[in-house]
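A.B. asks: Below, the features straight out of TrEMBL:
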type: DOMAIN; residues: B:285-361; note: domain 'B5'
type: BINDING; residues: B:Asp339, B:Asp345, B:Glu348, B:Glu349; note: Mg(2+) binding site
type: DOMAIN; residues: B:577-661; note: domain 'FDX-ACB'
Amino acid sequence: MEKKISQIVNKARRQLESIKNLKEFDKLWLTFFGSSGIFTGEVKKVSRLKAFEKPRAGKLINASKKELEALFANKKAQLLKKGVPSKIDVTLPGKKPQIGHLHPQTLVLNDLMDIFRFLGYRVAVGPEIETEWYNFQSLNFPPDHPAMDTQQSLKVPTDKNGNAILRTQTSSMQVRIMEKSPLPLRVIVPGKCFRYEAVDSSHGFEFWQLEGFAVDKNIRLTDLFGTIEFVLKKLMGESTKLRFACTNFPFVEPGVDTYMECTVCKGKGCSFCKQTGWSEIMPAGMIHPNVLKNSKIDSQKWQGFAFAIGLSRAVTLRYGIDDLRILTNPDLRILSQF
Amino acid sequence: MRAPIDWLKEYIELSLPIKELAWKLTEIGLAVEKIDEKNGSFILELEITPNRPDLLSITGIAREIAALEEKPVKLPQVQLPAKEIDLPINVNNDFSLFKRYSAVIIDGVQIRQSPEWLQQRLVQMNLRPINNIVDVTNYVMYESGLPLHAFDYKQILGHEINVLKAKGGEDFTTVDQLSYKLPEGALIIKDKNRLIDLAGIKGGLNSGIQNNTETVYLHSTVNNPLLIRKASRILGLKSDASYIYERGVDPAGTLPAVKRAASLILQTSGGKIASELIDLKNKDYQPRKLSLRFSRFEKITGIRLPEAKIVSILKNLNFDPEVTGKDELISHIPTYRKDIEFEEDLIEEVARIYGYNSFPRTLPVNPPPQKSVAYQISYDAENRLKNVLIGSGLTEIYSYSLIKNSDLDWMNINKNQVIRLENPVSLEFVFLRPSLLTGLIKAVKLNQANYESSAFFELGRVYRKNGSYGETNFLSLLKSGGSYVGIKGIIELFLDRLNIKDIKFSVLPGTYGNFPRIFDSSQSALISVKNKPLGIVGKIKNDKLDLLAVIPPVYAAEISWDLAKEYVSTAKYRPVSVYPPYKEDLSLILPKTTLAGDIITEISASSLLVKDVVHLDSYQNTLTLRIIYQAEDRNLTSSEISDLRKSILDRLLEKYGASLKKTSVRME
């Protein structure tokens, strides 16, 4: 009986779908609820059941009757509405579901990870509390040299693993990864960095970088130029203009700095780019043979490039944010713009 | 470094327009930060990298332009007259302190203002002219990159120059009349009795040039850079000279610098040479040999340049290249280029002068590597998580990892495990956060003026020490307004979407590990996964909110994301049963101590035929649940269901003392 009734309900649901006017509707009503209707037939069966079966069957019938009636009532209401459609003001604003916002830094990071994965890079992360070795010496920083003045570190008491500073750059992951990974490799490392530095609109003691490096038998300087161009055009738009300059970082040779035409003034010069029309965005270079040596890699057999994107900086450039501190400001009037 | 264009023109012919020159210099590694204009002439402001102290000089910059423009540099020709008299001087040098020491005495000078042209140069360099002797030493330093110092010869007692390391604690007064106590190891010069020079940093007041000075003792030295750097840092005393010395000077440059300065002194101050040229050195400084393979250049850069082009670039850099084999040339690296050590350094030299922007831009030719790397992670779960959270109305923030003392106090966190910086930038940023909740509560506080309620999350690192340092990723949520079940629902939702199983919410125990003690235990729960503590969720105590003037109620959760992530799994498809589900609503009367969660878990686990248990209502001691029964392979019969119901109710009564109030049946 249960099966039969659920079949009847399903049948009603199916047939109601194709009903187009009230005349057809009335006809269908009779096939279910008329004196010889199929549902009426089932109701009649209850009286013939044994006494102990009756309560359960009764409940079943009542429930399904309600359901059927509701189905018919709905359809009738629909058909009646069709006749006289009520008018609404379609220019009223829609009701937006209240959802939250991803931080712009997450949006840029996700885009960058997508772009780099497309180029065959893996994503890795590592410690922020770091040893002097991985942050400086392994990267060919000469001991106590002015090269370190640009990256003064925040210090913590040295622990038993030799951790003594907060990393000043995600490049601290270069030797960590290279000494433990099979070659060839391509990897990016996003993460937070810290420096002993006063806070202003373009500097912070905490900021994010995205480090990347590739090692293979034939990775060339031209590949570095091409990779940077590919990535920045995907991230900032195909019309992005770039130029490269020589610079020095202890852990690369040749060293490269990347200048991107200012996104705010389009190269005319504004306060955002300090009137130069260009912003430094991506320092890079061919990995220095000493860094490969420190990773126990033979620099005559393997070679590669490394680069870093100031992630926080890329976010400000992409969205035209004129102050780095906006990125740690939790004001919803700011965050809800993204 | 400032480089006045008209000064550069004394050594090199400039043909490029100023803007173009500025970019070409930037391209080859001398980043032009600004083009300054002073009295109608242009001055380039250059950022010189620490490896190139040779560019802290006008002739050094002229040499770079010469390489760029393929033109010769015209260095000043110095013809120093021979000595006319011989005044005594006794130099006791230590080569571990000064690798080279060059000096000369000039007698019979007249101290006065420098000539106009000399003053003009110093003004262009933002330096105040002092007198004709001191100005010449500064001029030659900027011209050649070699710092010099001029003493009043008569103030060098006993005519002795003793080169020493400070013992520590010595008093020293500089020429500009500032007094210091010297640190141990500072490089100093003593005469017979007195300390007369803080070498490489500042000259002494007692031996400096005075208006009545008649005899000048002039020296130029190659100092130990580490000692200069250390003393300069401890004293907080820097000078143009110490800046150059920290980076290293040309060991072959001291003698020419002394000659140049002496000849300018004769020219501007009169006088005569009164000693031999003193030149003490630990060895002869000659150009070093370094080879470059043409094939290596191509392999590293990706372009093949004609041999002749490579040779001519190196020649224009004064590297005196000599092709010695089919694939090799030998360069002779000038003494002022100590940054050139490796073959790769020579490759960079050729590449930068050729111009990085003349290179093609390519992508690596090999296919992407197949193997995983160390430290590899997937951000997949994080992104799925964040999407659920923003869909639940929460907004993401990133806050500082560094927090202040009062933040820790607010959280009642055990400070023994908190990591403290040794050199904080300010008192606001001293500790590495052990929790994300202070950042989140500040976000709610900041927004309460503009928003009736707000909700945030952060996924980020927290830090602890326990012998060694540890960093883990936490996920924390915080919501102003709402209810306990509201925030719990968000957690259940994302755990469900990430398919993290075996989750339990239980009454908060008296101690709950390292989580901040800001939760109201009557409305908070411990979350566990497979019986491991995962986090905490609940209401923040009102008195904690009062302390920060945050409007109650606020609900929050803090979860160990690293642990949760271990249990993220992929959902498995189960075919939808073609047989109808059978739903019934049970109202149960519970004893006071019985928890709804236990009842629901009990019912869910009672049979595979129980597909779901939904909470409909709780009122006083009555709990109303909807049980959905369904089989995959058949229609359930009413007798099967009544058997199931009976066994469930028996079990609930026996185990929890829960009794049935009423049943209502719904069918579909």
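Cβ from N, Cα, C; glycine included.
Heads up, TrEMBL stuff is auto-annotated, nobody curated it.
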A.B. asks: CB neighbours of B:Asp345 (Mg(2+) binding site) within 10 A?
C.D. replies: 20
A.B. asks: Would you mind ranking the binding-site residues B:Asp339, B:Glu348, B:Glu349 by how many other Cβ atoms sit within 10 Å of each Cβ and giving me the lowest?
C.D. replies: B:Asp339
A.B. asks: Going by DSSP, is B:Asp345 (Mg(2+) binding site) part of a helix, a strand, or coil?
C.D. replies: helix
A.B. asks: Looking at the domain 'FDX-ACB' (B:577-661) alone, can you tell me the average pLDDT?
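C.D. replies: Value for the domain 'FDX-ACB' (B:577-661), mean pLDDT as a whole number: 91.
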